[in-house]
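Novice: What follows is a single structure, and I will ask about it in a moment.
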């Protein structure tokens, strides 16, 4: 199945001027003429006798039987207005299925739209926008747009409207006139959607690619092995429930916005994800199959955003993960990219309409200072963003359901405060005295879910469970600063300090967020004793990372997936996980360091690791890793012009990428290992792209 969004785009502009004394309500008859005069009733106008010109322009993206209409409203006078209204006259019955940023009603061929409060105040020359989604039959024609406005001033001075910059016609009016007139023009364009800016510096249509500010991360990889994507690649989540893609946008006002994902789903099954905004469920999104991984289409939803910064998460609700996500487009009013480390609108310290937002692309040249005096890097684009929110994928859509799930979590919590890994949590457990783990996101995810339910209910049993889990994380830390995989410590490779699968990095992210009091780890959740331990735990963890960074002939490089707790040296884990440098796990380690105060020691370690990723000796140019190529004789390493692939494992001394099998052989051709291991493990990927892109954005 293929439903490709049409690139056809049409546009119509209409200037309208009216005199307040001649104001009449909208009528379908008056709208039959292009740009016919209409106005709010005289009783609604603040300056009877004055004339105010409102222009409106509309653009439409159409596909088979459906369309999205974007309407821009501009105050073309020298006076501010406090309210506006307009009508859209269609050539067929208006079948509206969705709308955002306006109050909309349809009657036959006419759609009436008014501001929704926050976007009614328009200064002279200022614009705002809203949107509609609907269906049509036959050929789609743009509706005629007729606008009107209400003065925000009681002044009786005469005003004249200036010509609209988006229209080839102008309108004028005078307070001495008892009638009004207007003219219109229409034009069409075959170009793709473009952003229109308002006086606040935001955009009415913002598209975020994987290498843009505002893209916060993916539980998986950024790949480029399937043609047809835009930007530098697409977000490919791991095939598991709860894996997410995250973005951040900033909007000036609360309201509904259209979120549009460009995606491909070459599997035979529909895939689906939960939409979350700042940790709160906002609906579900289906991604029907497109028939091939190279066939791209769009899926959209009308979603409520909060004034300020919004962390938007698309969380897989099926075991196959999501479709491949090429981009997110947000359509609304005054949209800007947001800071990925924000916890939501309540924590935003600056107005999103301000041009000083640190989430803009110019943030690469700015830094802030920590309490220690060392500079802090801007965090937009840091790969750690999005790694804090997996617990949100467990939310069930209602508080009562979340409480029931939290009760199940508590029943599985061990007496030491830890949790098992890969637990289904579909029925009540019996706790016990087993060793808890941080492998596969265990314990950190349960901690955050319990904390979130406590913050929403105030029930202390959830707080106490979260406190026990935090004590578990603090207690299991070695005196050297690292974390083992299990606690109490199990013998064997489990006792090594575990960077594998990002275990230690995720623990440090959670502890650092707790230290900062980031929701849901805020308020009275933690005890004073726990808060006193957090800084020391994070500092010791950073110290361990710095001491374990591998040197080649005196030059700092990156890290192994596991290291010795006391000697800091790379260690072997499973039979096919040899002592090596990790192209995968090292990414989140260095990303975490970049979230910390940039002391000289940390800065040196970070820049050395970034240089290692940038080195042509570490990536395979012109190739990509395609994990879908399975079976005998099929190599997942395939040629792709412009791509770069990093290996999962590298020789400690030569930086040569290698592969291994259950017999611990080190080989350099992936087809020399068993098909079972080739297909059952990820041996390469676009690992370094995200951290390099972020490093470049902050000048590293």
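Quick reminder: no glycine exception, Cβ is built from N, Cα and C everywhere.
All TrEMBL annotations are machine predictions without curation.
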Novice: Looking at the ranges 297-339, 340-382, 383-425, 426-468, which is given as region 'Disordered' in TrEMBL?
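Specialist: So the range that TrEMBL calls region 'Disordered' is 340-382.
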Novice: Quick one: sort out which of 95-152, 153-210, 211-268 is the region 'Disordered' according to TrEMBL.
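Specialist: In TrEMBL, the region 'Disordered' feature sits at 153-210.
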Novice: Going by DSSP assignments with H, G and I as helix and E and B as strand, what are the residue counts for the domain 'CBM6' (206-331)?
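Specialist: Here the numbers are 0 helix, 74 strand, 52 coil.
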Novice: Could you give me the DSSP helix, strand and coil counts for the domain 'CBM2' (49-155)?
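Specialist: Across the domain 'CBM2' (49-155), DSSP assigns the residues as follows: 0 helix, 66 strand, 41 coil.
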